[in-house]
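**Student:** Take a look at the following structure, please.
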Amino acid sequence: MFAAVQSHQKMNLTYLLLGLLVFASSRGSHARAIDDLDNSIEMVDDKPSSQAMLHTRSRLGQDWIRFIKTPPGKIMQTIGSPVEIVCEIMGSQIPTVQWVVGHLPLSEIDSIESNVISESSSSAIVKVRSVHVIDHMLSEPRTYTCVGRTGSKTVYASTIVYPQTDFKDLVQIREKPFRGPFRPRIVYSERMHLDLVGSNVVLPCKVHARPKAEVTWLNDEGNRIEQSHRIKLLPSGDLLITNIKWEDMGAYKCVARNGMGKDSNDVFLYPVQKEVEDQ
């Protein structure tokens, strides 16, 4: 049994380190994060060495954050069409993402207080996806800044949205919300979540829709996830999994649906085995 645990541990750390290598190789504007992960991993027989395992585990509790996908520098809004701005951030301790409207000095962005309520886990590594929906016609160009934060680290990137100016006779519709129903859009979710076995995990699924969307969760076989003593669908649409186990590893799909259509998001949950000490 000990050999099986060791095998699981090696596979766990191999995938974990591969994920960290992919993360470390990505680059985003204004990102300030650790830069030496890819140079610090020593491999022996295509497996992480024991020193690399210890080193990587020691980094899990540290603050780091990086853009995986930055929002575009500018977007043109066409008449009658909502605008969606997307950013993806990866970091430790479950990073939060919020959007700031209007131009702010960088010093103010660094010091702004987060209004996002998030779970906290010092052992987690998470990739977060956030979509800001502008559901009204702008009357002038406006700046929208995606701000990611974990611990003491902050990253940010801005988009300027320009309204279409060719239809001056339609000025009266500007700054008024678009009327009528619209299909769901998942605006806050995760794409990957790594944490230690035994941790409690909340997989977010925040939805923008009119009328309100019904949220369901599916497993990697496409079957609806049934609630149990460990798995709960929260009123917010988030999925709570307590005391995660190795067998919880896999893809989870959030599906939001109303009469206008549906949207979905996949997140991969990876429980990382705790270090096994020799007896």
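Glycine too: its Cβ is placed from the backbone N, Cα and C atoms.
Straight out of TrEMBL:
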type: SIGNAL; residues: 1-31; note: signal peptide
type: DOMAIN; residues: 48-156; note: domain 'Ig-like'
type: DOMAIN; residues: 184-270; note: domain 'Ig-like'
**Student:** Report the DSSP secondary-structure composition of the domain 'Ig-like' (184-270) as helix, strand and coil residue counts.
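**Tutor:** So the domain 'Ig-like' (184-270) is made up of 3 helix, 53 strand, 31 coil.
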**Student:** Within the domain 'Ig-like' (48-156) only, compute the mean pLDDT.
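**Tutor:** A mean pLDDT of 79 is what the predicted model shows over the domain 'Ig-like' (48-156).
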